[in-house]
Structure formats: C-alpha cells, structure tokens
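As structure tokens, the structure follows; a few thoughts come after it.
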C-alpha cells in the first residue's frame, strides 16, 4: 500500500521563493525527531531540490528494495536504554528543573529524506520538465518510496501553486485522509495539514494568502503560519534588528483566520551549520583558506563528526522550532 507505515503528513508551503521554506522544513524535522518522533522529508521541489545540500548528503544515492525506493538516512533513531529509564525515574523524584531536563533528554527519532537531487547524476544538472513529467515523478515519489514506520512525513514543496501542488494534492487526497479518527494498523495516513512559511514583507505575505486559498479549495487543513527571517540577531550582544520589517506574517494570519505559530529571526549559526562551517571560522576567506591549508599539512584538521541533529541543538533557533514541534504534536495528537 502506498505511504504504508506513515501516520501523519504535513505540507510545507510558501507563496514566494527565497523565504527559507526548505530550511524551515529541515529545522522542523530535526525538532520533531528530538521529540522522539520518526520523521521523513519528501522534497518535491523538482527543479530546485535543496534538501540534499541542507543535510550535507549531496553525494548520497537512492537504493532499491523489494518494497520500493529506500530514502536516504540522515540519522538513525536513538534507542532508550534501561539505565536511561532508571535515571529518568530518579530525576523525576527531585522536581521542577530536573523534570525539564528529562523531558529534553527523550530518545530521538530517526530522520530520512527523499529528493530528486539524490537521483541526478550531477548536482548541477538542470531539470527541464513539462507538467506531465513532473506530475508522474510526484506520483512515483508518493507510491514507490518505502518509508516504513514514520510518525511524520514533511513534504517540502516548490513556491507558489504550480503543477506540482495540484498533482500532490490530488494524489494525497486519494492516498490519505484528513479525518483525525484514522488510526490503527492498516489505517490510511492522515493528511494533517499545511504549515505556511513567509517573511514579514507585504510582497511575501500577499502571496501566502493565495496559499491559504489553495488549502481551502483543496480541502487541506491549515496548521499555521511561520514568519521566517523576522529580524537579525547579533551573535555578539543578542540584540534583534529588523532588516526588513516585522509582524507582517502575524497580521496576515490574523486577517485570514489562521493560527500564527511564531517568528524566526535569522540564525547565523544555523546558516554556518548547513554550509559546513564552524561558528569560529574567520570572515576573511583568504586567511581562512591559508589556515586550513596549514592545519591540513599538520594533520590537525578538526571535523565534528556528530550527527547533524546533535549539532543543531547548539543553534539558538532550535528553541523556536522545539516550540513549533510541541505545538504541532499537541494539535495533531491531542
């Protein structure tokens, strides 16, 4: 059965390109895994797939199994140990702060990704397809990928409302249900709704209004709006400066009668993380290259081999997305 093992499907939509939709998708996926959920990310931005680059796995390739295509693993689930359970019980007897630490220390879920970027021979190859071929590719992604047991499947979509969105909506409404009563073994996956991503500017929020109308016309519930790039946080003093404006997404959500999930200022640390740089790297690229050359010659190059999810916990934006993840879990699972 297509989408077998998937419990909930969330679409990530945006009206315009460049609002950070793919980075929001990834951060929400990482935050959900840190809540103990197994997560899949399906990238259907066929002409501009970003997920392989963001997770640092551009060289990965899709493998085939008897059940279908196997998604690329970003990190595996962390098993709960007996000693971990004992520690949790011991700490829970001490009260307040310790209980919060135990809650944060819950075993993380797995994260897997599927993208056309993994199927291209070269990452620079252009995808020049007409609508019917895009539609066929999206249907194949939805029917031929074996996700296994997955709590949440996040679908990273292209900006706007294009052929991809129409094909996705039509196929998902056949393969899933929007009813919250769909539970149990053999039940259809639940299309829980869409998260809309915008920046504060009016030119972006005006296009997100079209996404809200798209959801209404296709009977896809709207879970909420995230206002991305809502200011810049100085890494030295922590002061937030509004580079563009602020509050546009919140005003739009209120006017459209949609839940406003929150604002996310620009996180320089997350940008460095997905670009493969450390926070301490110099802004002077020439000096940086020279230093790396010397370190390589000395064999002293430091490579942080921790999983992406563990390094992400050090980004201050993790706190924002942890809140979004908890809100969505509470809304969806009750």
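Quick reminder: no glycine exception, Cβ is built from N, Cα and C everywhere.
Residues annotated as ATP binding site in Swiss-Prot: 15, 16, 17, 18, 19, 20, 21, 22. Look at residue 16 (ATP binding site): DSSP puts it in coil.
The [4Fe-4S] cluster binding site annotation in Swiss-Prot covers 234, 237 and is backed by sequence analysis. Long-range Cβ proximity for residue 237 ([4Fe-4S] cluster binding site), meaning a same-chain Cβ under 8 A and a gap of 6 or more residues, is found for none.
The feature compositional bias 'Basic and acidic residues' is assigned by Swiss-Prot to 289-302.
Taken from Swiss-Prot, the feature region 'Disordered' covers 274-302.
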Nonlocal residues around residue 18 (ATP binding site), in sequence order (Cβ under 8 Å, 6 or more apart): 159
In the chain carrying residue 21 (ATP binding site), residues 6 or more apart in sequence that have Cβ under 8 angstroms from it: 12, 13, 14, 156, 157, 159, 197, 228
Greatest C-beta neighbour count within 10 angstroms, which of the binding-site residues 15, 16: 15
Fewest other C-beta atoms within 10 angstroms, as judged across 17, 20, which are the binding-site residues: 17
Residue 234 ([4Fe-4S] cluster binding site) and residue 19 (ATP binding site), distance between Cα atoms, whole Å: 20
